[in-house]
Amino acid sequence: MARGCLQGVKYLMFAFNLLFWLGGCGVLGVGIWLAATQGNFATLSSSFPSLSAANLLIVTGTFVMAIGFVGCIGALKENKCLLLTFFVLLLLVFLLEATIAVLFFAYSDKIDSYAQQDLKKGLHLYGTQGNVGLTNAWSIIQTDFRCCGVSNYTDWFEVYNATRVPDSCCLEFSDSCGLHEPGTWWKSPCYETVKAWLQENLLAVGIFGLCTALVQILGLTFAMTMYCQVVKADTYCA
């Protein structure tokens, strides 16, 4: 009976971790594709230049693949050490995500202030050598969200030391349109515009976060259940 339960949990554990590993492969693949085709796309922070979409996806994908691999081998080999390692790693990830979420909501005002200051510092790197990712990211954000600057289009005046903005701030794009009158530029601040967009899509973000948490809890349950079954089977055989 104990052996039959163990086999059932074993196959469920293996299937779960195989999907987990394949998901990591997909995330890693997207990260590598972004790095190869878009450079350091979406690098907006001057304090953390390596914090790009591509790098985040590559690190996340690699870590998920590693955890999934440990889980798969642990399930196939019915290895208590690997199963416990998988459980501990996944539990640490879950606790880290929960801690980050709590801190984010607890210090949202301070994070807002710091983020705006850091983004304004990053504006000074716009268009400079070695900062193609930051330049592309700002151009895309200002064009797609129809905004200009972090808190105001005048943020760019300090960057250029002139009454000028990037061409991506223009209502109607044309070469050197950023040198025209302010009436031809977008007036909405990018930080508040993007923040409002995220708040409008908060339900989707919440559902994604909830699904992620449920998957992790499922993985923890499978791992601990199988670990206990392996211990019982070993005791029964002894």
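In case you wondered, yes, glycine gets a Cβ from its N, Cα and C as well.
Going by the topological domain names that Swiss-Prot assigns, Trp156 and Ala223 belong to different sides of the membrane. When each of the listed stretches 14-34, 56-76, 202-222 is scored by C-beta pairs under 8 angstroms to the transmembrane segment (86-106), 202-222 comes out highest. A simple way to gauge crowding: the CB of Asn152 (N-linked glycosylation site) has 16 other CB atoms within 10 angstroms, across all the protein chains here. If you look at the transmembrane segment (14-34), the same-chain residues 6 or more away from its ends with a CB under 8 A from one of its CBs are 41, 53-69, 71-72, 75-76, 86, 215, 218-219, 222. Taken residue by residue with DSSP, Asn152 (N-linked glycosylation site) is part of neither helix nor strand, so it is coil.
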